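Structure, as structure tokens:
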Amino acid sequence: MKRIEDRIAYTFKDKELLKVALTHSSHSGTTTNNERLEFLGDAVLELIISEYLYKYNKLSEGKMTKIRSNIVCAESLSQAASDLNLGDYMLLGKGEIVTGGRKRKSNLANAFEAVMGAVFLDSDYDTTKKVVLGTLEKNIELALSGGLIKDYKTELQEQIQKHSDNAIEYVLEKSEGPEHNKTFFIDLSFNGVVVSKGTGKSKKEAEQNAAKNYLFKDKKSE
């Protein structure tokens with residue numbers, strides 16, 4: 001745990017918070033996992049990145065939204081988690097370890113969010129902001145320069161706004177598998193009509209894949 005604290009440049013007062021942040025729901029022998037901290041961390045990240053981007057006066061609301069989506073998407077956060085080697089310290093069940101859980105992008109992204117949520121609970125907003133901006137510095141720079149991860153949901157939203165007034169909706173069709181290793185199935189609908197489907201190890205990933213599948217299908221038909 002000390003190595004993680006060194007990497008994020010923050011020392012926890014309550015070490016148990018960091019342990020919980022790294023505890024996957026598949027881990028046996030505990031009734032506490034990182035899902036609640038992940039929920040909190042997700043909101044904390046969005047606020048900090050939004051505030052950071054707001055200082056760029058030339059960025060429109062739409063541009064800020066797109067850049068923020070690139071920075072806080074699962075692909076970006078899993079990269080940041082890999083850079084911190086969070087996978088090596090996650091507490092996982094045996095089955096999750098065997099199936100590659102330490103390198104699974106959804107696990108890594110969730111752990112990153114949970115760690116940031118833990119930092120927030122253990123400190124204050126300004127301290128958390130320093131940790132977040134420090135650990136995501138490379139991702140932020142790439143996103144501001146137009147690089148980083150492809151955000152298919154934002155791309156689809158922009159295309160639809162330009163060419164039609166379709167209302168986009170992502171609906172969870174079903175989920176399969178054990179609680180610690182679920183697969184989510186998402187329907188992408190335009191005005192209530194399903195136009196694409198996507199699957200993923202998290203709802204966010206499944207939504208991105210549904211948007212991606214529609215965009216690629218649309219391009220092939222051109």
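Residue numbers in this text run from 1 along the chain shown.
Even glycines carry a Cβ here, placed using N, Cα and C.
Any TrEMBL annotation is an automated prediction that lacks curation.
Taken from TrEMBL, the feature domain 'RNase III' covers 1-124.
In the three-state DSSP reading, Glu113 (Mg(2+) binding site) counts as helix. Under 8 Å, Cβ to Cβ, and six or more positions away along its own chain, Glu113 (Mg(2+) binding site) finds Leu37, Glu38, Gly41, Asp42, Leu45, Leu77. Positions annotated as Mg(2+) binding site by TrEMBL: Glu38, Asn110, Glu113.
Over all protein chains present, the Cβ of Asp42 (active site) has 20 other Cβ atoms lying within 10 Å. According to TrEMBL, the active site annotation covers Asp42 (among others).
Positions annotated as active site by TrEMBL: Glu113 (among others).
The feature domain 'DRBM' is assigned by TrEMBL to 151-215.
For Asn110 (Mg(2+) binding site), applying a Cβ distance below 8 Å and a minimum sequence separation of six or more within one chain yields Asn34, Glu35, Glu38, Ser202.
Model confidence over the domain 'DRBM' (151-215) is summarised by a mean pLDDT of 87. Here the domain 'DRBM' (151-215) is broken down by DSSP into helix, strand and coil counts: 28 helix, 25 strand, 12 coil. In sequence order, Asn34, Glu35, Leu37, Phe39, Gly41, Asp42, Ala109, Ala111, Phe112, Ala114, Gly117 are the residues of the same chain, not among Glu38, Asn110, Glu113, whose CB sits within 8 A of the CB centroid for the Mg(2+) site.
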